[in-house]
Every structure is written in C-alpha cells, then in structure tokens.
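If you look up Swiss-Prot, you'll see 1-12 marked as topological domain 'Extracellular'. According to Swiss-Prot, the feature transmembrane segment maps to 13-33. Per Swiss-Prot, the feature topological domain 'Cytoplasmic' maps to 34-257; the stated evidence is a curator's inference. Annotated active site per Swiss-Prot: Unk126, in sequence order.
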Amino acid sequence: MGLSQLWLWLKRLVIFLQVALEVATGKVLMTLFPERVKQNILAMGQKTGMTRNPRFAPDNWVPTFFSIQYFWFVLKVRWQRLEDRAEYGGLAPNCTVVRLSGQKCNVWDFIQGSRPLVLNFGSCTUPSFLLKFDQFKRLVDDFASTADFLIIYIEEAHATDGWAFKNNVDIRQHRSLQDRLRAAHLLLARSPQCPVVVDTMQNQSSQLYAALPERLYVIQEGRICYKGKPGPWNYNPEEVRAVLEKLCIPPGHMPQF
C-alpha cells in the first residue's frame, strides 16, 4: 500500500468516526428532545424544498434521520467527496457513461465546440431533484439554442432498501447496469428534453464529480466554469441560469463593449 493510499484510508477513518459521532449525538438528542430536533430538521428541509413538497408529510422523512441507513448513506457521501477530481477552472473528468440504449460513451462526447454543457446529476428517489426538475426543464427550453444539457443518472439517493422515505418513488438499489437503466427510463416520463445517460456500476462519474445525491456543473470547452454545491441543501438550477446568461450570447445579439 502506497503512502497516498494509506493517507486516503486514514482520512476515511476520521470521517467514519465523525459521522458515527454525529449520528450517535443526533439519536440521543432526538430521544431526549424530539420536538426541538424535529423543528431543526424541518428548518433544514425548507432549504431543499422538502417542507413544500406535496408528496411528503414530515412523518414520511423526519423520523428516518440518524437511523443506521442514514449513517451509511451520509458516510458514503462523505467518503465519495474524497475522490472529487472536478475542480473549478480545471479540466472536467471525461468519465465513461452509458446511453439508455446500452451504448458506452464519454461525458466529453456531448461537448459541442464552445457551447456550454450543463451536467445534471441525480436520481428519481431524490426528492429535491424531482421537485426542481421543472426548473431544469425551463433552463433547457430557454437556452436550447446556445447551450447543451445532459442528465447523468446516478445511484439512488433514497432507495427502498436503503435510506428510504415513505411515499417516495419505489426503486431499490441498483444491483446491475440493467437496474440502473430501468430506473433512468422512469425519468423519461417527465420529458427531460435533453439526453439522459447513466453512471457506470463503478459509479465513476458520481465519484469524480462528487455528485451524490445530486449536483449541477457547467462545462465549457472541456473546463469547469461552474461547480454547484452538493445537494440536497445547495442544489439550485437557478444558479445555472445566472451562469448561462453570462456565457451565452442570445441569437441576433452582439456583445457590447
């Protein structure tokens, strides 16, 4: 084992202990002060839109916090961020992804000249991803002539056999590429109006872009010019709109100097 690999495992150990302490503390506080903890979780939910999501009542998701499933999911997300290779201003990782036909391709295959490419990572079991899906579709409509868009379907955020919410979309964790492709096909019912591909079963793009549970990026000429903060708390398609308004010149308009 090399020094860099040893250092990675040490960082993973530290994160494991941090998450374990956070979850244990949260569990104790939820037992002693259930109403206060519930109000704190609901306050966080306001930022993601969960409290405005008509599909979910608080009892569908608040009690799942600090469970063992919560622990493993949060740990996976924190560990994944150690693999982040998508730096603002740097070259975008040219990961392998899979079209819904089953054909392999790369992220860079969707870059067209100097047109910005928006990457939208998420899954059907991620409530904020679906809640804000119409916002994303409006971006596609408004900038279709000057930018390109790609949805990369990654592992489920709240799979039925993982950190599950009641009344959520019923999808189990992907055991095979076919499972992931079937899950991504469900997204087509929402008319995404842009290409949809899936991450590999090695979760390469999700890891290198630190995209779990959802995230937005903008790439131009192979470089990252916008790196959205991790979801669900900071997943914001309207930030992408502001970026595209600066990068894209509407047809028939000339820049003013």
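Don't overthink the numbers, they just go from 1 along the chain as shown.
Heads up, the Cβ atoms here are built off N, Cα and C, so glycines get one too.
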Cβ distance under 8 Å to Unk126 (active site), same chain, sequence separation 6 or more: which residues?
-> Glu156, Ala157, His158, Pro213, Glu214, Gly231, Pro232
Folded-back contacts onto the topological domain 'Extracellular' (1-12), same chain, C-beta under 8 angstroms, at least six residues removed | 79, 82
Taking helix as H, G and I and strand as E and B in DSSP, count the residues of the topological domain 'Extracellular' (1-12) in helix, strand and coil.
-> 10 helix, 0 strand, 2 coil
Across the topological domain 'Cytoplasmic' (34-257), what does the pLDDT come to on average, as a whole number?
-> 93
